[in-house]
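All remarks here apply to the structure that follows.
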Amino acid sequence: MDLSEFEADNTVSCRLSSAIPDVCRTEDCCLGIDEAGRGPVLGPMVYGICFCPISKKDDLKGLKVADSKTLSEAERENLFHKLDEAKSFVGWALQVLSPNTISTSMLQRAKYNLNALSHDAAISLVQYALDCGVQLKELFVDTVGPAEKYQEKLSQRFPGVVVTVRPKADSLFPIVSAASICAKVARDHAVKSWKFLEDLGDMDADYGSGYPNDPKTKSWLLKYLDPVFGYPQFVRFSWSTAQTLLDSKAVPVHWDDDEEDGEKAAARKNCASMLSYFGRGKSQSTARETHRFFSERRLKTLDTL
Amino acid sequence: MKRQEVTYRTPETAVEGERSVQRMSSNGSVTTIQLGSVDQADRPQVHLLPCEIEQDGPAEVSCYFTCAVKDRKHEMSVSFRGRGLKGQEVSCPHGYTGLVLKEDHKPTTDQEDRTVRVSSIFSRFTYWNLETPPNSDDVVVMAMAWPELAKAIHGSVDD
């Protein structure tokens, strides 16, 4: 699988795709959606779709695709190779969401959660297939969040397509298994050959699976924590694993939109907490207020350094 | 790296060749700024971030930050601690130079005289907004207009 387009800029989201088989433009097709790398604190999350004519479902079954999680890495590579060989009737497309995209989306002012991000990635891929002229009639999806709601959302978004959202769809429907293999192969490659844009010298690339409970991942996160910048962009800052480590080991960083409250935050912001009015504190200083022109520009007279 | 603290000096306050600028504070202690090092001072890229970082000291800026800055179609973007930033470069007001001052020996009481030296100088810097694209209403951009205005207010009036 050629990931060079993503590797050219691994800080953004990228779409990779196979050629569209001609037969998919003329015959009714089924399409499967699955994702890889949703849980890990490291690396990209990959959404994948795979599609083929409904009449070719048995041929796909003949390739013996199965849920990617039950396969070894070598078996997945082998199956991806087989899918590639079947390109006369099987097509695929992937959306690679970089860890930086995930972090900045989830930590955005207007929060954009992982479910919404996932749904949007899936929807954009299906739309891509439609835009390419794929005669889509059946859609099979592994569930993200509550199955009924997602099914309703997709049915509304794609009228005329029969949508089946099912937990464990990747082991029930071969077309979903095929999508899961494409996604997982891309995720494996991206993680294995991650090009750090940060100059970390002789970096130890032994970061394990990337799952928060993997001891190798844990010790890597401890080793590569920078007190100011936190982590390289390979890490999903929005994961609680990363945040907990930063909270305890990195210097605190405060943003305008931080949701902190109470006396401590008020003291830091140099304004009075509600509680201070009940205490017998010092009387407020009666310094002359500066003109709005200066306060709006945050200009201050300095008399000491 | 504290937010919104950029220090300027006007060229008039230090005559060419003069070694230092002194200032007496209200409690009688004297702060001396050694300007002898201005010519040798390095000229790093300076970034003003839209957050408060509880750190006053060296940081791996080029390794983690500068390397990740993207400059496309006059819009600069980067991320810090997983948050998206958008920025632009601004110049110090005409006739002004930005100074980064370093105090090698921190005073233990506020009565003591203090000496600071110029560790680096800058004539432009990049300021960053949290997610919002930079525009002319940004506080830093507006603040840069003050010296011009001050000159107009305090200058002599010609008939």
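The backbone N, Cα and C atoms fix where each Cβ goes, and this holds for glycine too.
Automated prediction, rather than curation, is the source of TrEMBL annotations.
Going by what TrEMBL states, the divalent metal cation site holds A:Asp34, A:Glu35, and the candidate of A:Asp84, A:Asp120, A:Asp131, A:Asp142 recorded there is A:Asp142. Following the DSSP three-state reduction, the secondary structure of A:Asp34 (divalent metal cation binding site) is strand. Listed in sequence order, the residues A:Ile33, A:Ala36, A:Tyr47, A:Gly48, A:Val141, A:Val144, A:Ala169, A:Asp170, A:Val176, A:Ala179, A:Ser180, A:Ala183 complete the 8 Å Cβ shell around the divalent metal cation site centroid, once A:Asp34, A:Glu35, A:Asp142 themselves are left out.
Each residue in the domain 'RNase H type-2' (A:28-251) has a pLDDT score, and their mean in this model is 92.
Between the candidate binding-site residues, A:Asp34, A:Glu35, A:Asp142, the densest Cβ environment within 10 Å is the one around A:Asp34.
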